[in-house]
Amino acid sequence: MIPTNSSYYYGPQGEAPLSRTGYVFLAIVMALFTGPAILLNSTVIIVTLMHKKLRQPLNYALVNMAVADLGTAMTGGVLSVINNAEGSFSLGRTGCVMEGFAVSLFGITSLCTVALIALERMFVVCKPLGQISFQKKHAVGGITLSWFWSLTWNLPPLFGWGRYELEGVGTSCAPDWHNTDPHNVSYILAYFAVCFAVPFAIIVASYILSVRLLAVQAVVNAHQMACVEGGAVAKGEMKVASMVVLMVLTFLISWMPYASLAMFVVSNPDVKINPLVGTVPVYLAKSSTVYNPIIYIYLNKQVASPPWVDEEESEAVTVVEAARVSPS
């Protein structure tokens, strides 16, 4: 059973937008991203829960991102593989709505978590509140807010403001960017503003402030490298900063084309987008679920190293946290 706007995804003679081979190819591509995403994000969650040394405020946010990415992979990723393998969306109208809601909920939560991580880095580097540091309670509060914010703005289509519909080649669902009804357009514009533009602005502002201050501190850090403790702290900050910057960049590279295409369609309602062209940003966005755990495991030595690793080889995050509370 195909959801209500199926005519957008099928030609005048009822032909599918892709050949059988094309759908199988998409299924394989999505499977190559979804399998590792499930495995790696599950690993991040399990390893962090098993080892107390990983329970730092920043890692709380990273685990929350892993949970959101795992949810995206388990819903949008797995269902995309199945539907592409079958060559159509096979879950009916209710399945389309539920998939669109779930993927959007997890995706926006992940984006809000990136904003939270950017704020955490800004607090560590810039210290806008003086000696008040980013603590566990702040991380938990930010995580709770990210889920609440995402839930608040993804529920309206279930109650009539906006709706979830097929997108791309018609094998996955998302907020309906194509519907020109003013009621629907008002939701899409509000959704874009509060769920993408606001977190994006927080991310950009936080990193501009952080980078400016780090540039000023570059000379100081160079002198700190001359002593063991100062060198460890400087290396630790750089390591964590590199991890977070990579996560932000890969997330934005993955999601920016999708958000840009959506806004282009909303602002140009008469434009005809080839379904295959519309599918590329969708799959690029869903592929982001596999990048973050790779970056996290590769750059976070606490996760990459076995639990019996020598304490002196422990990751920068521990050193950074210790430096925050040590007397000046």
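Going from the start of the chain as shown, residues are counted 1 onward.
Note that Cβ sites are derived from N, Cα and C of the backbone, with glycine treated the same way.
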Can you identify, from 121-138, 139-156, 157-174, the stretch that TrEMBL calls transmembrane segment?
139-156
Which range out of 61-81, 188-209, 244-266 gives the transmembrane segment (23-49) the most CB pairs under 8 Å?
61-81
Report, as numbers and ranges, which residues of the same chain sit near the transmembrane segment (61-81): CB under 8 Å and 6 or more residues beyond its ends.
26-27, 30-31, 33-34, 37-38, 41-42, 44-45, 48-49, 91, 99, 102-103, 105-107, 109-110, 113-114, 116-117, 120, 139, 142-143, 146, 171-172, 247, 283, 286, 288-290, 292-293, 296, 300
For the transmembrane segment (101-119), distant same-chain residues with Cβ under 8 A (at least six beyond the ends):
58, 61-62, 64-65, 68-69, 71-72, 75-76, 134, 139, 142-143, 145-147, 149-151, 153-155, 157-158, 164, 172-175, 195-196, 199-200, 202-203, 206-207, 244, 247-248, 251, 255, 285-286, 288
